[in-house]
Structure formats: C-alpha cells, structure tokens
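Noted in Swiss-Prot for the protein shown:
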{"type": "BINDING", "residues": "Arg21, Arg150, Arg151, Arg191, Ser192, Gly193, Asp194, Asn202, His232, Ile233, Tyr234", "note": "dUMP binding site"}
{"type": "ACT_SITE", "residues": "Cys170", "note": "active site, nucleophile"}
{"type": "BINDING", "residues": "Asp194, Ala288", "note": "(6R)-5,10-methylene-5,6,7,8-tetrahydrofolate binding site"}
Amino acid sequence: MKQYLHLLEHIKTSGTFKKDRTNIGTISLFGLQARYNLKEGFPLLTTKKMAWKAICHELLWFLKGDTNIKYLVDNNVNIWNEWPYEIFKKSNDYQGESLKEFSQKIKEDSSFAQKYGELGPVYGKQWRDFFGVDQISQVINDIKNNPTSRRLIVSAWNVAQIDKMALPPCHAFFQFYVNDNNELSLHLYQRSGDMFLGVPFNIASYSLLLSMVAQVTNLKVGEFIHTIGDAHIYSNHIDQVNTQLERAPYKLPKLILNKNIKNIFDFTFEDIELENYISHETIKAKVAV
C-alpha cells in the first residue's frame with residue numbers, strides 16, 4: 001500500500017488549501033491515480049486497522065440495491081448514519097435525540113427506519129435500477145459474452161436524481177477490462193476522495209467487488225486502478241495522516257472467497273474471508289458531513 005501512502009505525502013507537500021462544503025477546509029490536489037496489482041495481495045491498508053466487516057457489508061448492501069441504512073445498522077455498521085441523522089434533526093419528530101439514540105431507534109423500530117433511514121437513490125439504487133437497468137447484471141453478462149467490449153461500465157452518477165440523494169456519489173463511475181491473459185481489471189473514477197477516511201475504504205471495497213466479479217465470470221484478478229478527481233486531506237485529519245506516514249506497511253493479506261458462489265448476488269458475509277491481515281492500531285478521526 002505504498003502507492004496510497006505516496007499519495008498522502010504528495011498531497012501534503014504539493015496540495016493547496018481549499019474551503020469546502022463542510023466548512024472544515026482541505027489540502028487538495030486534482031487528478032491523482034494509483035494502481036494496485038491484486039496478484040500481489042489484497043490491498044487493505046495495514047498502516048491503520050481497517051473496518052473489514054463494514055467494508056464487506058457495505059458492498060453487499062450496494063449489491064442488494066438497498067438504500068436504507070437499516071441493513072447496515074442491524075449488522076453494527078454505522079458509516080452512513082450521520083447523513084440521515086442530519087435530515088432527521090430538521091424534522092418535526094426530532095426531540096433532541098443523539099446520533100447514538102437515532103441509530104438505536106433505526107435498529108429497533110422498523111417504521112422509524114423506513115421513514116428516517118432512507119438515503120434516497122444512492123449507489124445501490126443506481127447499480128441495480130438505473131431507470132430500470134440492472135447495471136451489475138448487465139455488466140457481468142457483457143463480461144461473459146463480450147469481454148473485449150469497451151463498454152463494460154457501471155455509473156452511479158444519475159444527474160436526474162442527484163438532488164434526491166442524501167450524498168451524491170463520490171465513487172461515481174467504474175469500468176472493467178479483460179486482457180489477453182483472462183485477467184479482469186477495474187478502473188474507478190472517484191470525483192471526491194477523503195484521503196484519510198474514505199479512500200482506503202474505497203480501495204478495499206472495489207478490490208473486493210473486482211474479485212467477486214472475476215470469480216463469477218471465471219476470470220483471474222488483475223489490477224484495481226483508482227483515479228481521484230479532488231483528492232483531499234481534511235484539515236482536522238492532518239495529525240492522523242502524519243501518524244500514519246510514520247508507520248511501515250505490513251505484508252498485504254489474502255482474500256479468500258467461497259468458490260461455490262457462481263452468482264454475485266448469492267454472496268454473503270460468511271462467503272468472504274481475509275487471511276493473514278496484520279495491521280497497526282486504529283487511528284480515529286471525525287467524518288465530515
């Protein structure tokens with residue numbers, strides 16, 4: 001994961017300060033790219049402990065086409081809670097509940113979750129129902145039947161529905177590529193990258209998706225290529241980034257998928273294993289909402 005650490009260092013030394021939507025401020029560079037060869041190990045960051053369970057459940061949630069946080073909260077994954085909570089706080093039903101109390105109510109009260117756990121037509125909706133098109137099923141079918149196609153694309157950026165989303169897609173567009181060695185690669189374009197909190201999560205998530213699609217299309221894994229538009233470090237993450245840059249990376253872990261799974265929608269959390277993951281301690285930071 002030296003590629004990722006090099007990006008952090010590059011932004012620190014060459015980036016410029018920008019004001020942003022969250023009013024926190026960032027150090028930012030535009031148009032960065034890194035490549036991760038999955039044959040060399042699974043690219044899960046080792047210079048801080050990563051929330052592997054959350055990464056897996058979020059991807060499975062996307063693949064279900066789900067856009068309500070209840071599935072995530074029921075599995076103790078709370079990475080999306082802040083956005084619907086901010087919407088709830090503006091409602092007439094808000095009685096001063098904390099984020100923790102809001103999350104507990106999502107878990108315990110299905111009616112409340114249905115009303116206030118919804119994020120709008122975010123990733124899962126666009127992946128599985130982009131104006132009636134199941135993009136995941138379509139791209140897998142195309143990889144199987146027309147692997148040389150230059151149209152192996154999935155887009156979460158639906159301009160007509162952006163205003164209905166709790167958060168417009170940051171990782172907006174990805175394309176698959178099959179080479180002459182029957183290796184499947186994935187290239188993600190991410191319009192906005194929170195380099196400390198979000199990007200390591202995205203690297204692992206799309207590398208997992210690549211691995212799952214490779215299995216169900218009978219291909220080998222190739223590269224994950226990650227292009228980031230506005231690559232930024234939030235001003236309140238600088239100390240955490242410095243701590244991380246002082247740490248030496250460990251050897252990458254190995255991803256093991258249940259080989260009996262032939263349909264991508266049949267994967268469960270129990271079908272995904274990580275072997276020999278060794279990392280440094282967790283580094284906590286606040287998410288910008």
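First residue shown is number 1, and so on along the chain.
Any Cβ shown, glycine's included, is placed from N, Cα and C.
Known features from Swiss-Prot, placed on the structure.
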| residue | record | Cβ contacts under 8 Å, 6 or more apart |
| --- | --- | --- |
| Arg21 | dUMP binding site | none |
| Arg151 | dUMP binding site | Asp142 |
| Cys170 | active site, nucleophile | Gln190, Arg191, Ser192, Gly193, Asp194, Gly198, Asn202 |
| His232 | dUMP binding site | Ile11, Gly15, Lys18, Asp20, Thr26, Ile27, Ser28, Leu29, Ser192, Gly193, Asp194, Met195 |
| Tyr234 | dUMP binding site | Thr22, Ile24, Gly25, Thr26, Asp194, Phe196, Ala285, Ala288 |
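In the three-state DSSP scheme, Arg21 (dUMP binding site) is classed as coil.
All protein chains shown were included, and the count of other CB atoms within 10 Å of the CB of Ala288 ((6R)-5,10-methylene-5,6,7,8-tetrahydrofolate binding site) stands at 20. Highest local Cβ density among the binding-site residues Ser192, Asp194 belongs to Asp194, counted as other Cβ atoms within 10 Å over all protein chains shown.
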